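> Supplied in structure tokens, the structure appears directly below.
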Amino acid sequence: MRRPRLLYVPFWMTYVFLYAPIAVLVVMSFNSGDSPYSFDGFSLKWYGELAGNAEIGKGLVNTLLVAAGSTVLATVLGTLLAVGLARYSRSKVLDAIGVLPAVLPDLVLAIGLLVFYGTVKMTLGLHSVLLAHTVFGMAFVAAVVRTRLTHADLSLEEASRDLGANAVTTFLRITLPQLAPGIAAGALLAFTLSVDEFVIAFFTAAPTEPTLPIVIYSMVRFGVTPEINALATLLLAVSFTVVIVAQRMTRLTESLS
């Protein structure tokens, strides 16, 4: 039976609504003129401007360092938290507390972390941003891995223990391969959230060590420029590449497990 063509209208309208702003952003990043709103011709001028901007370069390096470090910590701690909640906890309260940072408003979490750092006399810097991103990234990883755990085959773990394997061996050889797709998805989510996050970084970073979102915020306060469009396009390309790589890794892991 043929489907009415009218049903495709809201489908394509949704895609246009989602991706039209991104398409305009990419096109305007190649604008030869200074106006961010009118296209005067094709040029790579603004990408060249980015290459010579030391402030953006420093913010990018800081962002990647924080994102990489917090992703590793959040993935390890979030996975252990998910396994602990699923296997050893019977309390719904503990389950809720485990994922609470993921649902708290960023402003609340940022203020709380800032007060905590002040209480323990911790100076602000990249380390304070890294720890802050680890806190909320860990909650997202735990939520994703916990969902994956619901599809894990418990009988394989029981068989492993019956054959004499200890808890560590069972986890590394039986449980971990089953959780690998969820761990990869959680790590990807933690990385992208860290790269994009502004509010928590704004509160917990030192003025001399800004992340890229903070640098962008300081630039757009005086208006959007084609240089901002070029920078956003590069970030879009990086995000797209990370998603493709993560999907390939997830499929490979699922086929091996």
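Just so it is clear, glycine is given a Cβ too, placed from its N, Cα and C backbone atoms.
Annotations in TrEMBL come from automatic prediction, not curation.
As listed in TrEMBL for this protein:
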- 60-246: domain 'ABC transmembrane type-1' (DOMAIN)
- 7-30: transmembrane segment (TRANSMEM)
- 64-86: transmembrane segment (TRANSMEM)
- 93-118: transmembrane segment (TRANSMEM)
- 124-145: transmembrane segment (TRANSMEM)
- 183-208: transmembrane segment (TRANSMEM)
- 228-246: transmembrane segment (TRANSMEM)
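Any idea what these are sitting next to in the structure?
Beyond the ends of the transmembrane segment (124-145), by six or more residues, the same chain brings 62, 65-67, 69-71, 73-75, 77-79, 81-83, 85, 98-102, 104, 106, 109-110, 113, 117, 179, 182-183, 185-187, 189-190, 193-194, 197, 200-201, 204-206, 209, 211 to within a C-beta distance below 8 angstroms of the stretch.
Same-chain residues lying 6 or more positions outside the transmembrane segment (228-246) and placing a CB less than 8 Å from one of its CB atoms are 22, 25-26, 28-29, 31, 36, 46-47, 49-50, 56, 184-185, 187-188, 191-192, 195, 212, 216, 219-220.
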> What stretch of 7-30, 64-86, 183-208 shows the most Cβ pairs under 8 Å to the transmembrane segment (93-118)?
183-208
> Do any residues of this chain, six or more beyond the ends of the transmembrane segment (183-208), have a C-beta under 8 angstroms from a C-beta of it, and if so which?
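Sequence-remote neighbours of the transmembrane segment (183-208) are 63-64, 66-68, 70-71, 74-75, 78-79, 106-107, 109-111, 113-114, 117, 123-126, 128-129, 132-133, 136-138, 140-145, 148, 176, 214, 217, 235, 238-239, 242-243, 246, 249-250, 253.
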